[in-house]
Each structure stands twice: as C-alpha cells, then as structure tokens.
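These come from TrEMBL:
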type     : residues                                       : note
ACT_SITE : T208                                           : active site, nucleophile
BINDING  : R236, I237, G238, D239, T258, G259, E260, G261 : substrate binding site
Amino acid sequence: MGGWAIAVHGGAGVDPNLSPERQEEAKRLLTRCLEIGVDALRSKSLSAIDVVELVVRELESDPLFNSGRGSALTAKGTVEMEASIMDGPKRRCGAVSGVSTVKNPISLARLVMDKSPHSYLAFGGAEEFARQQGVEVVENEYFITEVNVEMLKLAKQANAILFDYRIPPAVPSLETCSASASAGATPLTDTPLQLMNGLPISIYAPETVGCVVVDNDGRCAAGTSTGGLMNKMSGRIGDSPLIGAGTYACNLCGVSCTGEGEVIIRGTLARDVAAVMEYKGLKLQEAVDWVVKNRLNEGQAGMIAVSSEGEVAYGFNSNAMFRGCATEDGFMEVGIWD
C-alpha cells in the first residue's frame, strides 16, 4: 500500500473573469476541507467512506459551491439536490435525488447505503426516509442564496440553462451580469448559446462538489453532491447521483466527476476509469487522462481520483477546475487553472 490520499473538487469550468477575491475564497474552502480530511486520515480513526462523508458535508454546508446550501435553483426557484456515495471494498453504494429539505444530502445517501435495502431513493420517498432516519432537515429557503437568485434571473432573461462557470466569449462575466441584472439591464436575448443535448445553454453557474479518499488500508471511497443545473426543469436528474457516471469506487480506485452531466452519464465516466485500469492495465493518472480524452464526445468535464496504491490524480478538458489533493508523504496542492 502507498498510504492514504485524498482529493476534493468544487466543479469543472471557471469564469475566466472570476475575481481574485473569489478565487482565494474558493482555495481557502478547498484547503479547509482537505485539512479536515487529512486530520481524520492521520488519526486513523475513520475509514475512507467516513472521511468522504465528513468532507462532502463541509462542502455542502458552505454556500460557495453548488451543493447543499448554495445549490442551483430550478426553473420554479426551488432547490432539488442530489448526491451519491460509494464504498470501494464491496462496491456498496447509496444515492438520493430531488431532496429539498435535507441539510446534508451526502449523509442521506450514506443512510440509503447503510440502513435501507435499496441503493437509490428519490423525491418524496427520499424525504420520507430522511424523516424516518431522523436526519437534520431545514426549510427549502435555507439553501437559497441571493447570488443564485440573481443567476436564475439571468437564466430566465436568456431563456437558457446556467451550468458551471464556463462563459461564451461574447458574454460578460457573471459579476458584470449580476450587476446588470440588479440594475434592470436589457435581457440577454442576443447571447450566443452553446448546446447540450442539442438544446441551448448560456452563462454558466457554480458546479458540483466531490471527494475521493483512499485510507491506510487501501480502501477507496467516493462521494459527489450537487444542486444540479441553474434553471433546470423540476425533476431533472444529473450524473452526480448515478453510480458509474458521477461517482464510482471499487477495489482499484475511487472517482468523482463534475461537468456536463448528460455527457458524463452517456460516457459512464467514473466507471470507465476503473475499467481501463482493470482491463488495459493503466495506472491511475493514465486512466483519468484516457477517459477525459476518449469519452467526452466534445462535452466538457473533469474528475478527481485515488487508487488503492495511494495515488491521486485529476483531469479535465474545461478551462479550469476547482480542486485540491493531499497525500500521506506531505504533498498538498490546491488549484483552479491548468
């Protein structure tokens, strides 16, 4: 065994005009989450799956990224969150979708894995299970931030979906757009739109969070949590709760993905990393690079991964990805751009 390792992400695709203050805020959050995971791994008191849940809960509780508090809003102005978690040794997993009052969806996903006969619960059934299990619930308003209310206004003005921070060249920065929206600027009807599944998407808003961990015993785990797309249709389910797409862990590795959900689903991105390690004999970084190059079909996404040998890796084909990683030998890195 190569020792423990941990990686976190806060989404692929970043506004090129993102202010230095916002960048530093993101780095501080990623660093804090890494330190929480590192402390737990050094103490050897928690297993890989426990550390994943612990770290993702911290990400969900901070409104900076798109999960838990700070989640993206549906077209109706509400929050519908989703999350999944997977324990590599026996490939046990749990996932939830459409939860609107559960403070930490990743913990509900863990309970689905540990306390139910199922792997996936959604909407009313997931909410009912949460109350049966006594998890902390809050009003839907808890998750809604002023920033995301402004982003939803922009989405409706552009008649488009907002999705991570990638912005077409002709579109002003989110900060400029937010200021313009607040001032009652002209709707962005002339914005050149990109396509997802053949339909238009425009300005991109904050994205998914995730964590992958391998512990001292070589056990891998992964978890992913998100509020989904800004201005999404109510009932839309993305890649984050889908085992094999947004999240996967086995005896070889743990993977969490972020980016264009429909592309990640079609490419079974997370599972493919494990598959090419198993069937092509690739090392972890080679496997991540191969999947990013060969499975995205012109879509944009990123991923973080750990292996049972203590390796840590990441890859993305977007302009940037909020990310951080640390290993037992003392290495720690937090970054955004290439």
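Glycine too: its Cβ is placed from the backbone N, Cα and C atoms.
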Nearest-integer angstrom distance between the alpha carbons (Cα) of G238 (substrate binding site) and T208 (active site, nucleophile): 10
Annotated substrate contacts R236, I237, G238, D239, T258, G259, E260, G261, maximal Cα-Cα distance (Å, integer): 16
Distance [Cα-Cα, Å, rounded] between R236 (substrate binding site) and the residue listed as 'active site, nucleophile': 15
Rounded Cα-Cα span from the residue listed as 'active site, nucleophile' to T258 (substrate binding site), Å: 6
Chain-internal residues, separated by at least six, CB under 8 A from G261 (substrate binding site): G228, L229, G238, D239, S240, A245, G246
Pairwise Cα distance for G259 (substrate binding site)/T208 (active site, nucleophile) [Å, integer]: 8
I237 (substrate binding site) to T208 (active site, nucleophile) - Cα separation in whole Å: 13
Length of the line joining the Cα atoms of E260 (substrate binding site) and the residue listed as 'active site, nucleophile', in Å: 10
